[in-house]
């Protein structure tokens with residue numbers, strides 16, 4: 001029987017795509033939230049608003065007894081520094097250099113280095129000399145180095161050059177970034193031929209003082225890495241070919257028989273969100289708005305007293321339910337979890353994946369161990385409450401530690417690898433307490449610093465990675481950079497994939513920080529090693545990859561490449577082996593609408609057959625408050641991936657359809673998965689119909705009214721380039737001007 005509603009929906013989507021300049025539909029409402037806050041989830045309430053005048057502040061119980069103090073998230077009293085006990089510092093080593101002379105040398109080098117008229121070669125050598133000088137100082141007197149770096153930063157306006165909105169002295173203090181940077185400088189390999197100094201100087205954002213280290217790996221390295229199994233055994237590829245042939249000859253699996261799997265990411269709870277403050281701030285001590293100390297310079301020019309701006313001096317007041325420039329307040333967080341449960345209906349979910357980032361975007365010096373553990377405890381308590389017995393498979397994000405972005409591999413000297421064990425121990429015990437991990441998996445989390453492998457169903461395993469170990473902001477990744485896997489995360493991943501391959505299992509990889517797209521987030525060498533691993537195991541063992549981090553809705557492709565250099569990969573559709581889904585965030589930060597994704601998954605191949613994207617329009621929140629409506633935020637169905645992107649008439653008409661999959665007319669067949677081949681073919685279709693890229697960018701922000709619009713030919717070309725980039729170096733070849741719609 002013909003599904004008329006489905007045909008009409010497809011026709012509507014197709015008609016919209018054909019008409020250049022048409023906008024996507026705002027979607028159908030699927031859940032209307034309640035006004036009340038779910039106090040039953042928590043041990044009690046520090047503050048319960050009477051009429052949405054401020055955010056609720058629940059009492060959150062600690063894992064091993066007691067509760068987190070209200071002062072941790074009191075919006076009227078922001079913390080000014082982490083506890084002194086959280087300061088990090090390497091031991092003093094022997095050295096003969098005079099401290100005063102080293103400090104003087106460091107200032108002289110900085111004065112030359114940050115003079116922008118220097119030729120690149122001179123800047124690179126100067127930067128390396130500066131790193132060597134700071135290392136000597138770290139060896140002789142590490143205690144003074146954070147202050148020295150803070151003074152250099154202030155004197156030469158380093159953060160301004162980097163467009164980095166932080167205070168030098170506080171950010172570079174011992175308990176924030178100053179301590180970890182001192183440890184890295186002390187332990188970095190600066191011997192002749194080592195690449196650590198080049199890597200440090202090459203990765204400083206915006207300055208690019210040195211070329212980045214090469215991504216290439218030798219044949220000997222790859223043969224050793226894959227334990228002599230550089231390519232998949234013939235019996236493995238034959239087995240997968242037989243499965244695919246059988247699936248291709250069968251009718252589509254009924255939707256009721258597909259697994260239903262939500263993918264949530266980037267929740268970013270802001271317990272310090274203050275209703276009525278400036279949500280459209282241009283300045284504040286914080287990096288985000290909606291805080292007691294936020295204001296907009298176009299409206300206010302006087303002496304600022306925290307929390308006391310008159311309405312006439314505020315561009316847009318922070319709404320109780322959330323704001324486009326800010327992280328997720330408690331009200332919106334609860335509403336999002338309630339929507340997740342409602343979307344599950346009576347059937348519920350088969351399992352759920354979460355790809356990290358619980359903690360608020362904030363000034364680095366406002367982070368603390370307590371803030372991280374509070375965020376982890378409260379959010380995972382909510383996951384358990386609303387998911388019930390449904391398994392959650394979580395991974396860590398770069399914000400889920402303190403200082404944020406930082407995690408040290410346990411192989412480092414001076415005990416540095418144990419300094420972040422507090423966080424790993426907490427999440428291992430917390431996840432176990434919710435019955436999401438067994439004892440073996442919890443021990444893997446401890447041993448592999450957040451990474452683990454789990455089998456939620458027979459014949460299927462999910463490998464969760466701690467992607468901090470390829471994130472460019474994690475300073476510890478600059479120690480012994482010749483080794484692309486100091487943490488052992490990628491060794492663990494490869495061995496798990498080898499075992500899964502031999503057992504005939506299907507695999508998903510989940511993590512937070514993406515490796516490709518614009519190439520701005522991951523370091524070249526670990527990013528390329530991950531690319532080589534994906535190429536080795538996809539598609540016969542590795543089905544899909546799932547990331548978050550950018551807060552936007554997009555994807556990146558991987559193509560076959562076995563010569564150790566991703567940049568040489570032939571990125572034709574016929575060579576696509578996998579793609580990473582990069583899911584949109586729950587947090588609105590920045591200029592985005594909150595989102596929840598639900599995937600429909602084949603229960604045998606574990607390939608995604610479709611996904612539904614849901615979102616809530618923040619532009620409606622003011623009406624909810626001002627009109628005193630008796631409900632909370634409304635969630636809508638925005639699009640189905642198959643409906644939105646499954647028509648290939650443009651590339652067919654231009655003779656550029658290369659997927660090798662027989663279409664149903666012009667549409668992707670119902671029994672074919674949305675795999676790497678599908679998404680690669682979509683990039684060909686986008687070249688034939690550039691208006692698809694414009695639609696894609698609208699979905700990227702979930703129709704945010706303040707997000708950037710991708711309408712120019714340059715933007716279209718750049719976005720297709722990002723989509724075809726699964727490694728850092730591939731993404732770095734694209735025009736970076738259009739890599740985000742929110743920022």
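Just so it is clear, glycine is given a Cβ too, placed from its N, Cα and C backbone atoms.
The annotation signal peptide is assigned in TrEMBL to 1-22.
Counting only same-chain residues 6+ beyond the ends of the region 'Disordered' (237-256), those with a CB under 8 A from a CB of the stretch are 504, 539-541, 600, 602-605, 609, 669-672. The region 'Disordered' annotation in TrEMBL covers 237-256.
Here TrEMBL flags 266, 268, 357, 551 as Zn(2+) 1 binding site. Of all the Cβ atoms in the protein chains shown, 29 others lie within 10 Å of the Cβ of residue 266 (Zn(2+) 1 binding site).
Per TrEMBL, the feature disulfide bond maps to 281-289 (among others). DSSP assigns residue 281 (disulfide bond) to coil in the three-state reduction, outside any helix or strand. Around residue 281 (disulfide bond), the C-beta neighbours below 8 angstroms that are at least 6 residues distant in the chain are 289, 290, 291, 294, 295, 296, 325.
Annotation source TrEMBL lists disulfide bond at 290-326 (among others). The Cβ of residue 326 (disulfide bond) has 32 other Cβ atoms within 10 Å, all protein chains considered.
Looking just at the domain 'Calcineurin-like phosphoesterase' (338-552), the mean pLDDT is 98. TrEMBL lists 338-552 with the feature domain 'Calcineurin-like phosphoesterase'.
Residues or ranges marked as Zn(2+) 2 binding site by TrEMBL: 357, 398, 512, 549. Shown in sequence order, 356, 357, 404, 405, 467, 468, 471, 473, 474, 512, 513, 549 are the residues of the chain, 6+ apart in sequence, with a C-beta less than 8 angstroms from the C-beta of residue 398 (Zn(2+) 2 binding site). DSSP assigns residue 398 (Zn(2+) 2 binding site) to coil, not to a helix or a strand.
Taking the centroid of the Cβ atoms of 266, 268, 357, 551 as the Zn(2+) 1 site, the other same-chain residues with Cβ within 8 Å of it are 265, 267, 327, 397, 399, 548, 549, 585, 586, 587, 589. Counting Cβ atoms from all protein chains shown, residue 549 (Zn(2+) 2 binding site) has 24 others lying within 10 Å of its own Cβ. Same-chain residues that are not part of 357, 398, 512, 549 yet have a Cβ within 8 Å of the Cβ center of the Zn(2+) 2 site turn out to be 265, 266, 355, 356, 396, 397, 399, 400, 467, 471, 513, 548. For the disulfide-bonded residues given as 289, 290, the lowest number of other CB atoms within 10 Å of the residue's CB is seen at 289. Cα of residue 266 (Zn(2+) 1 binding site) to Cα of residue 326 (disulfide bond): a distance of 13 Å.
The two recorded residues, residue 326 (disulfide bond) and residue 551 (Zn(2+) 1 binding site), have Cα atoms 12 Å apart.
According to DSSP, the secondary structure content of the region 'Disordered' (237-256) in residues is 15 helix, 0 strand, 5 coil.
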